[in-house]
Amino acid sequence: MGCVRSKEAKGPALKYQPDNSNVVPVSAHLGHYGPEPTIMGQSPAMKTQNNSHPTALSPFGGVSSPMTPFGGASTSFTSVTVNNPFPAVITGGVTFFVALYDYEARTSDDLSFRKGDRFQIINNTEGDWWEARSINTGENGYIPSNYVAPADSIQSEEWYFGKLSRKDTERLLLLPGNERGTFLIRESETTKGAYSLSLRDWDETKGDNCKHYKIRKLDNGGYYITTRTQFMSLQMLVKHYTEHVDGLCYKLTTVCPQVKPQTQGIAKDAWEIPRESLRLDVRLGQGCFGEVWMGTWNGTTKVAIKTLKPGTMSPEAFLEEAQIMKKLRHDKLVPLYAVVSEEPIYIVTEFMGKGSLLDFLKEGDGKHLKLPQLVDMASQIADGMAFIERMNYIHRDLRAANILVADNLVCKIADFGLARLIEDNEYTARQGAKFPIKWTAPEAALYGRFTIKSDVWSFGILLTELVTKGRVPYPGMVNREVLEQVDRGYRMPCPQGCPESLHEMMRQCWKKEPDERPTFEYIQSFLEDYFTATEPQYQPGDNL
């Protein structure tokens, strides 16, 4: 938000859908392992398969620089561990939990802990933050629930990544530094109750690539990839294939490094926070309505802080919208941590180390990216927007300046929903330098009809920003000229070096009738499969 300065089988994605964007979302993203056990009416002792490994942002969503999605807190590879020396259930039937990551306390009520520490859960009714007793130290305090799992459960295994899509799996396994034989196990996207073994491979034809093997479950509880070799547990299956190729493309050698996820919220009960708890450290940028800072919360935690000029929006309206925004949890959305709700309003979010996508493309490492990386970034943005679409929400200001980048080309959508609250007369009149005319669908710019379909139009403009490395849309045209020409049917021509098939997707996004524009679900599917289904013969050029 701000001033504009000049393959497993997947079900078919729905290409078109009517707009119903006036519905307010009532549910949040539940995360990779299903709902919290408290929502399902379970006690901690019963919590063995549901949401005990990282939720919502796992394993993509680490704090930017150095903890970033696709990077990982632990850069060293870990050998496979099959047996845990400590039993999960001690006398009395109490389930013990084990820490999956290190955590440094952010408040006096938190517990610091190290990966492998064990806990007894005292109270898990809060969902995101549990009261626990450390078995290692005997101390009581709060811990982030997505940092622990029941001891000896599958969720506590290094190699188990839970509900991770095939595409995100390949992004992780193909990161630089991973070698042939790097692997993970995840839930199957297509078969309920089954798992997938995903493995990094190499051959002369494809180079580095990933293979995926379905792990099926027997009625007696066993597991197999092929029926001739069956195992009583997933742990035994993993152990076998680390010792024997036995039909796989390569032996399992190293576990794919996990990424420390974002906690859900900055701390327990830290939502409306005092201004004094924030320190503004480095100003990262400024726009018409405020500034963005790298800062520190409570002297312990690096965050991003957006400061809004007084009068930009009503504090009451902002707080109401922020309550919705904080429930929109997805690994391709920048999480909202906390707010200062009195003017000047402060918005506290995850810090993303590479800054905005626009700056990254124009002045950062993005200048040197080729089409495969740019299309992958676009597919990540479409993934986040498809979630916003499912939640019946609207962004209203989708453009490269409002996408943030972390290490390893991870993209997250920022500032969703804020544009609706701006009270500046020049902005609300949808004219002048403060309003992003060049990114806005004609029905929204002319008549104020903002829907998810106007977001689709904006996404088409964002695609041009990606392939031109941050060029301002409609070069050589002023805002009024853009409005007039677009209303008459003008559309930007295919950018230099851009494949015609990608330009055709842009043109689909720019259909005059909103309901004729594709859904974000369809756009995501198109982009994720682009180099297998649409442009399999792609060869790198000078620019793309």
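Even glycines carry a Cβ here, placed using N, Cα and C.
ATP binds L284, G285, Q286, G287, C288, F289, G290, E291, V292 as Swiss-Prot records it, and from the list K302, K306 the residue named for this site is K306. Our reading of the ATP binding annotation (L284, G285, Q286, G287, C288, F289, G290, E291, V292, K306) yields a largest Cα to Cα distance of 14 angstrom. Secondary structure of the domain 'SH2' (159-256) per DSSP (helix as H, G, I; strand as E, B; remaining residues coil): 18 helix, 36 strand, 44 coil.
Here the Cα atom of C288 (ATP binding site) is found 14 Å from that of D397 (active site, proton acceptor). The local packing around V292 (ATP binding site), expressed as other Cβ atoms within 10 Å of its Cβ over all shown chains, amounts to 22. DSSP assignment over the domain 'SH3' (92-153) gives 3 helix, 29 strand, 30 coil.
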